[in-house]
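Comments concern the structure below.
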Amino acid sequence: MGILSITDQPPLVQAIFSRDVEEVRSLLSQKENINVLDQERRTPLHAAAYVGDVPILQLLLMSGANVNAKDTLWLTPLHRAAASRNEKVLGLLLAHSADVNARDKLWQTPLHVAAANRATKCAEALAPLLSSLNVADRSGRSALHHAVHSGHLETVNLLLNKGASLNVCDKKERQPLHWAAFLGHLEVLKLLVARGADLSCKDRKGYGLLHTAAASGQIEVVKHLLRMGAEIDEPNAFGNTALHIACYLGQDAVAIELVNAGANVNQPNDKGFTPLHVAAVSTNGALCLELLVNNGADVNYQSKEGKSPLHMAAIHGRFTRSQILIQNGSEIDCADKFGNTPLHVAARYGHELLISTLMTNGADTARRGIHDMFPLHLAVLFGFSDCCRKLLSSGQLYSIVSSLSNEHVLSAGFDINTPDSLGRTCLHAAASGGNVECLNLLLSSGADLRRRDKFGRTPLHYAAANGSYQCAVTLVTAGAGVNEADCKGCSPLHYAAASDTYRRAEPHTASSHDAEEDELLKESRRKEAFFCLEFLLDNGADPSLRDRQGYTAVHYAAAYGNRQNLELLLEMSFNCLEDVESTVPVSPLHLAAYNGHCEALKTLAETLVNLDVRDHKGRTALFLATERGSTECVEVLTAHGASALIKERKRKWTPLHAAAASGHTDSLHLLIDSGERADITDVMDAYGQTPLMLAIMNGHVDCVHLLLEKGSTADAADLRGRTALHRGAVTGCEDCLAALLDHDAFVLCRDFKGRTPIHLASACGHTAVLRTLLQAALSTDPLDAGVDYSGYSPMHWASYTGHEDCLELLLEHSPFSYLEGNPFTPLHCAVINNQDSTTEMLLGALGAKIVNSRDAKGRTPLHAAAFADNVSGLRMLLQHQAEVNATDHTGRTALMTAAESGQTAAVEFLLYRGKADLTVLDENKNTALHLACSKGHEKCALMILAETQDLGLINATNSALQMPLHIAARNGLASVVQALLSRGATVLAVDEEGHTPALACAPNKDVADCLALILSTMKPFPPKDAVSPFSFSLLKNCGIAAAKTVGGCGALPHGASCPYSQERHGAIGLDGCYSE
């Protein structure tokens, strides 16, 4: 706010500023409002504190003035008194309980204000009343920062004596020393250093004291810091030294001092720039550059991008500095990593005078830069005609004819038609740049207007793409072909139709136009682009030409939203309707809708009869506009009669499905309001999903509310019987769920597996949703069993998935529901899926009621935990008195289950901690050792053997008379066989097929019989008993006829034929799977 007129203020304030005590007393006696506010909410007390009249202030305070009143800047009278340096007024305010900690909008206290305004006496009065002198304002500055900033030595000294911290930092980590150095308060700096301040301190960006002093040109501070031993070449966070800073800001006196003190003139920063680079580019760095050059700076030092100081001078056209650099040996054709020389840079930025200097000093005009461009390429690309003229006049190729051979001998310069790495000549660049003067200069110098680049484009293509009317006229007049196609089949007309898109963007500079001027410039360019297109059409450009994808210029205009261009093309094209309605590959209507160009879409909608044409995926333009969320395009299409019920081919989605799935509420509203069908909101896709279901699946609450308000059926089910409520339970969106329940959605609806939303909420762990559903279910059907078709309840699912919050809620809601449904209890589910949290909760809540419960196959939770190798589950179950040797219907204990499944951790725990009984037999008389060997679980078998020396267990036979040794041998468990033999396992025992453990190693019965014959022949019979019972049992089932002989021996006794059964006897008979 500006300066206020005193005559506009209340009489009381006028009397205060007049210092008229009697008038003030008179006004107060007349009940004048003592706390009246001005436009900035200042009270008379603020005015009195500012003026500093103690008697008036006493009158006001005695009359009840608000001592802590705040104005619009939150300044109190105490702040005003401190700013006025009036210690008597400040003392009087303090005596009347003024808040010494009051903060203004910058978080500054009265002490900050006193320090900033050199009010030493005020600061002295305030300091004892504060708990800390280091309180920071909004920028993190303490009172000491402000005192140092003001340069008042006495105040600084006072604050230090009162205990202010020397090294306190603001939010940019700047200490008071930084401000002393920056502002040149040398005496203050000396005082701070004498009190122990750190001379090597740095702020967040690594600026030290020497950097800050150099930045502001504080030469005396710089000299003092150097005398104090400051590191002269210390870099900041960007690698810049104090010399870099001085050169960048043109502080030549500081630069001289630093150089004389031995600063490294060639030290690079993080980007590889030396102080000379910085001096070359800075606004006021001319003297610094001369200083550096005279003191040995390397004029050819290249940055990380390969730029020399001459490159930097060329960027801003520093003519004098470039001359100094050249005179001191700067390489004239030094190339950066892009290949650009200083001449390229000068041409790019249009510095004609510098170009002259460089060329005079021998710069190579034919040197290739970025993309193999000449300097001339860059000059014409950016539209610098004077630079173009200069380069052409001094650098173009010329030749000398030899008088003897009559041959042309190259003398100097470059060929104007030489292409860059992408095949573009200077004429291509000029056409792209849009400067017709450059274009004319090149054409008059012999540039080939029919030359094509690597993409098959002529200069006319580039002129058309940039909407350059004058360049297009010049090129066509000179003979350029208007219908020539590039490698993609695009003619200049295609590019002109989309010219706003292809136009080269202008770089924004400090002197850029404001928004209004920018808009005028854009409008001017749009008009020029339109004239360019019109000119091409008038000069024979064929609008029916298609590119290699089948697109015409109409397609391009629609895709890039150029309404005027589109209207012109539709008007000029003889077969416009055929082009517009063609869906090969995509119609213009689809392109405009997909890209959200509503104006172009409106033009097409007014031209077409049928707006429901579909692309190869069956999508209409309305579908694309809806999917992309272009509400304006949706509005245009629906207003012109486009159907919202046409389905795409894959998922059979309509535009309504697309809008709901993407959350485009406004588009969805327009589609529903089109009134195409009464039940439009319940249209289904290929899976039976309605828009409401998709909106809920993606959590779009606004769409859900809209669909329900417009009549969408809340209980509609898809092909699997799942409703919107099922989906809300899965996603956990409480707002969506509440909306459905408000519209009477049925809570206990079941899908094809009998699962309700309550099941799904429990499985997904959405506690808040589950609570809401349970409350709704009570009012719907309190007697519903709540189990699915497999007998599983929500409690089963919560336990299985480990969602303890949901389980706790279910236990509170229905503590006996664990008895309902499948006998494979929630505890079974928790332990088999390694869910410790829900296991612990179930055991804590139900304990003995559930710990030994059995499923349909007689298995306890301990069996399930063993099967899943869940050691923590086993531990918790045993702690709650689970029966370690309980058997299922097949007679197996938890240990046997673990052994058969190969769960080594469970076997180890049950053996060592659970002390499980190893002698228990199942229905086929298998022990845990039999089962471990039968499945090849070597580690489990060895663990069991390590716990027993019982020969009865080691030689125990099952119903097929097989010992563990038989089974281990048959499965190739060498270490188990060795352990069994070392513990006394018999090798002569035979199973029901007459096989010893050795013969059990055979892969099948026939091999075993052959092996038995060979063994019987190799070992002679004892003399007293030629045919022992062992040999008889060994051979009785060999299957060889008695009449046959072996190796000349007689027929074997009892050699009756016995056909071998391919199926072994069911000695093991394990089901091996816990999956339900």
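Every residue gets a Cβ built from N, Cα and C, even glycine.
Keep in mind the model is a prediction, meaning the values are calculated, not measured.
Annotation source Swiss-Prot lists phosphoserine at SER1028 (among others).
Under the heading phosphoserine, Swiss-Prot lists SER1075 (among others), citing a large-scale study or a structure entry as support.
Only residues 6 or more beyond the boundaries of the repeat 'ANK 1' (7-36), in the same chain, are considered here, and those with a CB under 8 A from a CB of the stretch are 43-45, 47-48, 51, 53, 55-56, 59-60, 63-66, 69. Annotation comment: Swiss-Prot describes 7-36 as repeat 'ANK 1'.
Mean per-residue pLDDT, taken over the repeat 'ANK 2' (40-69), amounts to 92. The feature repeat 'ANK 2' is assigned by Swiss-Prot to 40-69.
Counting residues per DSSP class in helix, strand and coil order gives 17 helix, 0 strand, 13 coil for the repeat 'ANK 6' (172-201). Under the heading repeat 'ANK 6', Swiss-Prot lists 172-201.
Residues annotated as repeat 'ANK 12' in Swiss-Prot: 371-400.
What Swiss-Prot records for 422-451 is repeat 'ANK 13'. Sequence-remote contacts of a segment are chain residues at least 6 beyond its ends whose Cβ falls under 8 Å from one of its Cβ atoms, and for the repeat 'ANK 13' (422-451) they are 371, 373-374, 376-385, 388-389, 392, 396, 416, 457-463, 465-466, 468, 470-471, 474-475, 478-481, 504.
Feature annotation from Swiss-Prot assigns repeat 'ANK 16' to 549-579. Sequence-remote contacts of a segment are chain residues at least 6 beyond its ends whose Cβ falls under 8 Å from one of its Cβ atoms, and for the repeat 'ANK 16' (549-579) they are 488-489, 491, 493-501, 526, 529-530, 533-534, 537, 543, 585-586, 588-589, 591-592, 595-597, 599-604, 607-608.
What Swiss-Prot lists as repeat 'ANK 18' is 617-646. Counting same-chain residues at least six beyond the ends of the repeat 'ANK 18' (617-646), those with a Cβ under 8 angstroms from any Cβ of the stretch are 587, 589-590, 592-594, 596-598, 601-602, 605-606, 611, 653-656, 658-659, 662, 664, 666-668, 670-671, 673-674, 676-677, 680, 683.
Per Swiss-Prot, repeat 'ANK 19' is recorded for 651-680. Helix first, then strand, then coil: DSSP counts for the repeat 'ANK 19' (651-680) stand at 18 helix, 0 strand, 12 coil.
The repeat 'ANK 20' annotation in Swiss-Prot covers 687-716. Note on the repeat 'ANK 20' (687-716): residues 651, 654, 656-657, 659-665, 668-669, 672, 679, 681, 722-725, 727-728, 730-731, 733, 735-736, 739-740, 742-746, 749 of its chain, located 6 or more positions outside it, place their CB under 8 angstroms from a CB of the stretch.
Summarising the annotation, Swiss-Prot assigns repeat 'ANK 26' to 890-920. Packing against the repeat 'ANK 26' (890-920) from elsewhere in the chain are residues 857-860, 862-863, 865-871, 874-875, 878, 884, 926-929, 931-932, 934-935, 937, 939-941, 943-944, 947-948, 950, 952-953, 956, 1069-1072: each is 6 or more residues past its ends and has a CB under 8 Å from a CB in it.
According to Swiss-Prot, the feature repeat 'ANK 27' maps to 924-953. Across the repeat 'ANK 27' (924-953), DSSP helix (H, G, I), strand (E, B) and coil residues number 19 helix, 0 strand, 11 coil.
Proximity of distant same-chain residues to the repeat 'ANK 28' (960-989), defined by a Cβ-Cβ separation under 8 Å and at least 6 residues beyond the stretch ends, is recorded for 924, 927, 929-930, 933-934, 936, 938, 941-942, 945, 949, 951, 954, 995-998, 1000-1001, 1030, 1064-1067. Annotation source Swiss-Prot lists repeat 'ANK 28' at 960-989.
For the repeat 'ANK 20' (687-716), the DSSP-based tally of helix, strand and coil residues reads 16 helix, 0 strand, 14 coil.
The residues of the repeat 'ANK 28' (960-989), classed with DSSP into helix (H, G, I), strand (E, B) and coil, number 16 helix, 0 strand, 14 coil.
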